[in-house]
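K.L.:
Take a look at what TrEMBL says about it:
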COMPBIAS  B:8-19  compositional bias 'Basic residues'
DOMAIN    B:35-133  domain 'HTH hxlR-type'
REGION    B:1-20  region 'Disordered'
2 protein chains.
Amino acid sequence: MPQEPARRRPRPGSRHPTRVRLSDGHLANVYSAACPSRQALDRLADKWTVLIVGTLERGPLRFGQLRDAIDGISEKMLTQTLRSLERDGLVARRDHGTMPPQVDYRLTEIGTTLAAPVAAIRAWAEHYIVDIEAARSAHDQNQP
Amino acid sequence: MPQEPARRRPRPGSRHPTRVRLSDGHLANVYSAACPSRQALDRLADKWTVLIVGTLERGPLRFGQLRDAIDGISEKMLTQTLRSLERDGLVARRDHGTMPPQVDYRLTEIGTTLAAPVAAIRAWAEHYIVDIEAARSAHDQNQP
DNA sequence: CAGAATCCTGTGAGATACTG
DNA sequence: CAGTATCTCACAGGATTCTG
């Protein structure tokens, strides 16, 4: 059971109030973090989503193939991320019901539309990583 | 001081070994998480980077303007993310040295090139959030 | 105003073991 | 093979206070 936030001195006039309590008791952000684009961005801004979508771009893959293709992902995170991608209608899961189990995953129609912007990001990453690393080491030279 | 990982029974033959100890004592991934595109992707895959870059797209902004424009960001995370963006050469910081302090941030040339793919992602998000939410609630209907 | 320093918490995510 | 179920820790990130 989560403890009470334990604010030391609940004084008014906090300088940066990002949340307010609504009449129904829920907490909500003051401005608009509920903005649709923010919702979708948060969906993409985890460590594995973009990599899974990028890997499925070329066609359906089985669980083990995904695991082997995506360097460093744990089975747990692969399962979790696939589940939430399925929930959001970006990936479709097909269980053949055989024994031993055989399951494959493919992008849905919407998932496919995501592949394009994701590819753009990946292309940018591949092109500019050199400059980024250069800037990084130059910066670290001055402030070690 | 970080404790020893405390592996209960260090038995060999773990099923999914993602890391190996190199001759110099460092840990490294077996395959290729060090791939350049992965490096850059990890750079972008945090909660705030994309939002900051997107906000600076239209021109330089001061610290407080960024804080107010990006819904829900804390001053701590704004500072942190700006620092690392600066380190990577994507954002330039200009301190006017006045009193009270006046600092503004703008995209560098490389940062500007990132704005395009980021805008593509944002456009995708704005367009497809409806379908995502539909899929989500449809899915939750079946498995509540 | 723009932050630095500090404290605290929830979550991300790995390791391991078990199952149909 | 394709998962669950636990346990655990590290760290992202929020709240608060202080300062030049």
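Cβ from N, Cα, C; glycine included.
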K.L.:
Reported in the order helix, strand, coil, what are the DSSP residue counts of the domain 'HTH hxlR-type' (B:35-133)?
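P.N.:
Counting residues by DSSP class gives 62 helix, 12 strand, 25 coil.
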K.L.:
Within the domain 'HTH hxlR-type' (B:35-133) only, compute the mean pLDDT.
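P.N.:
A mean pLDDT of 91 is what the model gives the domain 'HTH hxlR-type' (B:35-133).
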